[in-house]
Amino acid sequence: MTQQEFVNNNYKIKEPRLVARKFLAKPQHEGVGAVVRRSIGRFELKYFDPFLVLDEFSVTAPAGFPDHPHRGFETVTYMLQGAVTHEDFEGHKGTIEAGDLQWMTAGRGIVHSEMPASQGTQKGLQLWINLASQNKMVEPRYQEILSKDIAEAMKDGVKVRVIAGEALGTKSPIYTRTPTMYLDFILKPGSHLQQPIPKSWNAFVYVLEGEGIFGNQKSQPISSHHILLLGYGDGLEAWNKSSKQLRFILVGGEPLGEPVVQFGPFVMNTQEEIDQTIDDFENYANGFEKARHWRSQSALSLDY
């Protein structure tokens, strides 16, 4: 497809991607008292290049994700309900609410906390995107977009929020070091979607609400909390044949094709690099210097 066809969404899918595998993301405990439905980064699906983890999280104070480090990848937090406050050792602090987005490049090192910022249950999605070897030690960076500033488009009963990449002629301003698309779709009953995806990319769907038919309209409907790994093709076709709205995210990315060695919140290319990362973290070096004297306000408030 040409770039102009992609932007104008005039490209007609010639080879729809079919569902190659699907999993139901079951609840598990993570952080301190939080509950997540993990679909990537679990036993059955350790890695889906370039995606390391996808969590649908649910957290109610005082539970949360207190001070913890990262190196070697990006975290994308997209709030669905409530609000979460983020703090890190660089002095960055902010709160993202329902519909807001934070795209954090951990790079060479960050220590941060993510804690509930309002009453009730906070819900959202967190995606970990791997970085290529040449980008793993870049300086940390944040891109935060309020809900009102996320690009949206609507056509023929299909609404999309363009978090990264482009859809229905609308493009996101988010910069992705690893080429990525991240689209939040709502399909009204009876609507049909055709969304181009670069052929060389890996892509998946995660269903948030309702039930939909994906890839082949003769397929069985798939309901919420399922992840669908898409096979080869030039785009996704989806149908909402139910009486309620269908909401799902479509995420795609260019595979890195590099070795992955992970130790918890550290993701590098070799065991030697992981060993060095652990040493750096324990000795407050090579990107973790500020961790020596830093604790988040949420952690300090728990001290007696």
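Just so it is clear, glycine is given a Cβ too, placed from its N, Cα and C backbone atoms.
So that you can see what the record holds, here are the features copied from TrEMBL:
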{"type": "BINDING", "residues": "HIS68, HIS70, HIS112, GLU114", "note": "Fe cation binding site"}
{"type": "DOMAIN", "residues": "36-129", "note": "domain 'Pirin N-terminal'"}
{"type": "DOMAIN", "residues": "182-285", "note": "domain 'Pirin C-terminal'"}
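Shown here: features listed in TrEMBL, placed on the structure.
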| residue | record | contacts (Cβ under 8 Å, 6+ apart) |
| --- | --- | --- |
| HIS68 | Fe cation binding site | VAL111, HIS112, SER113, PRO265 |
| HIS70 | Fe cation binding site | ALA106, GLY109, ILE110, VAL111, HIS112, PRO265, PHE266 |
| GLU114 | Fe cation binding site | GLY64, PHE65, THR77, VAL84, THR85, HIS86 |
Around the Cβ of HIS112 (Fe cation binding site), the count of other Cβ atoms that are within 10 Å: 23
Looking only at the domain 'Pirin N-terminal' (36-129), mean pLDDT returns 93
Please work out the helix, strand and coil residue numbers for the domain 'Pirin N-terminal' (36-129) from the DSSP assignment. 0 helix, 67 strand, 27 coil
